[in-house]
Amino acid sequence: MTSQPADRVAYNHDLTPAEDAGIEGRFQQRPGPSLSRQTPHTKSSYSQEARAARRASAASRAAYDVPDTYENLGETANIPPVQNPDEESVHRYETLEQERAREQSYARDRRCQDEDPETRAAVQAEEKAEAASYPVSKKETQIYTLSYLIFFSIFGTLARLGLQAITIYPGTPIIFTSVWPNFAGSMVMGFLAEDRMLFRQELGSSSSNGADTERGSVSVDSEGARKAHLAIKKTIPLYIGLATGFCGSFTSFSAFMRDVFLALSNDLPVTDAPSRSGGHTFLAFIAIPLITISMSLAGLFFGAHMAIFLEPYTPSLPFLFTSKILDRLIVLLGWGCWLGAIIMSIFPPHDSWRGTATFALVFAPLGCLLRFYISLRLNSRAPSFPLGTFSVNIFGTAVLGMSWDLARLPVGGVIGCQVLQGIQDGFCGCLTTVSTWVAELAVLGRRHAYIYGAGSVGTGLVMLVAIMGGLRWGDGWNPLVCTH
């Protein structure tokens with residue numbers, strides 16, 4: 001077989017002309033930087049093509065009017081962990097840098113359009129007409145997305161706390177508990193990124209007679225269909241809620257860095273023997289990053305391989321159920337669960353619940369939403385270095401270090417200690433993410449991946465040494481006054 005050109009994809013020729021045109025218009029490669037030098041006469045046509053390539057067309061049944069900034073989320077980059085799922089002899093590899101470079105080219109061309117009044121007016125008229133064609137408006141899409149993020153951040157936090165609790169037992173082979181949520185969350189992320197069945201019905205576009213085939217309008221063997229499915233599913237609020245909300249909150253970069261520092265300071269469980277030498281400390285210190293990163297990457301690829309293996313057996317979520325029922329129900333469930341967590345923190349059945357879970361559930365959506373918005377604004381700035389993910393991971397690590405120290409000072413009492421524990425488990429746990437981080441590492445170019453990975457771990461550790469080290473190696477930590 002021969003490989004496809006870089007700017008074209010293969011399509012299933014069994015599609016009707018209307019379906020084929022709709023998919024090809026949606027998922028053609030974005031124009032390169034040279035388009036920024038086009039004349040005002042050609043900018044309007046470029047704008048139409050670029051938006052068609054970035055967002056679902058009106059022919060799509062999903063039809064969410066998705067903000068352009070959603071493309072900046074690390075979880076929604078149109079590059080799966082396994083780029084050759086069928087193990088074909090000819091394999092085209094694409095990196096995150098290339099994806100981000102196209103985004104930057106699109107943004108530059110849009111700025112050029114805005115400089116010309118006539119072109120700007122034409123583009124605004126086109127966008128207004130296009131927005132009117134979407135069954136789900138941009139405002140509704142944003143409301144549904146925020147509701148999914150709140151809902152899944154709460155359940156991601158519960159999953160992380162629960163998994164940590166059941167892995168603390170005598171004789172455990174791994175004495176730092178952050179590794180298991182990071183592995184499991186990365187595995188779910190890998191499955192979601194590679195899966196082509198859960199959201200299959202979102203891809204089907206109505207044929208000329210209004211009927212769809214039983215398994216959707218696009219053949220699973222078509223490379224063009226695969227790219228089309230990846231692009232559409234990552235604009236669906238439910239997918240963003242699962243990937244950004246659940247996986248991002250299930251995993252925690254700040255907890256990972258905390259365990260690295262505790263290994264350095266000889267404060268991990270059952271490692272507090274005063275006779276431990278410097279060599280032992282070094283081995284413990286390097287073991288946690290190596291184990292966590294290796295297991296998280298292994299979880300990401302294992303989840304992707306499971307999605308490929310289970311493709312014949314994975315059901316598809318009903319389109320009408322997700323778009324007409326679940327999207328609307330999640331608004332009530334997401335905000336209602338958050339309100340319930342606040343009420344249970346004010347009037348808990350048992351005081352220990354505050355430090356164990358309820359305060360964490362109150363702070364969890366705040367961390368998740370902050371990560372979401374920072375990623376939207378910063379991830380596209382540097383194609384080879386996801387600045388948004390890096391910023392939230394380092395900032396969340398710093399907040400966790402300060403909360404850890406304050407909780408171990410003789411101030412605040414039981415309630416203050418529980419609030420600080422909730423900030424660590426909820427806000428910092430959901431603000432920082434390992435699943436997105438390793439997903440980005442997996443698709444960055446090799447040199448950039450090493451720079452990004454080492455820079456994240458190194459900066460996080462330096463931050464904790466500066467914040468936690470002074471108290472730990474100075475006056476020392478006091479025992480916690482709250483129960484967990």
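Every residue, even glycine, has its Cβ placed from backbone N, Cα and C.
Annotated features, as they stand in TrEMBL:
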type: COMPBIAS; residues: 35-48; note: compositional bias 'Polar residues'
type: COMPBIAS; residues: 98-114; note: compositional bias 'Basic and acidic residues'
type: REGION; residues: 1-66; note: region 'Disordered'
type: REGION; residues: 71-90; note: region 'Disordered'
type: REGION; residues: 98-130; note: region 'Disordered'
type: TRANSMEM; residues: 146-168; note: transmembrane segment
type: TRANSMEM; residues: 174-193; note: transmembrane segment
type: TRANSMEM; residues: 236-257; note: transmembrane segment
type: TRANSMEM; residues: 282-308; note: transmembrane segment
type: TRANSMEM; residues: 329-347; note: transmembrane segment
type: TRANSMEM; residues: 353-373; note: transmembrane segment
type: TRANSMEM; residues: 385-404; note: transmembrane segment
type: TRANSMEM; residues: 449-471; note: transmembrane segment
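Here the transmembrane segment (449-471) has Cβ contacts under 8 Å with residues 253-254, 257-258, 260-261, 264-265, 289, 293, 384-386, 390, 393-394, 397-398, 401-402, 404-405, 408-409, 437, 440-442, 477 of the same chain, all six or more residues outside its ends. With respect to Cβ pairs under 8 Å, the transmembrane segment (174-193) is most closely packed against 282-308, considering the stretches 282-308, 329-347, 353-373.
For the transmembrane segment (329-347), the list of distant contacts is 143-144, 146-151, 154, 238, 241, 353-354, 358-359, 361-362, 365, 422: same-chain residues at least six beyond its ends, Cβ to Cβ under 8 Å. Residues in the region 'Disordered' (71-90) partition by DSSP class (helix H, G, I; strand E, B; coil) as 5 helix, 0 strand, 15 coil.
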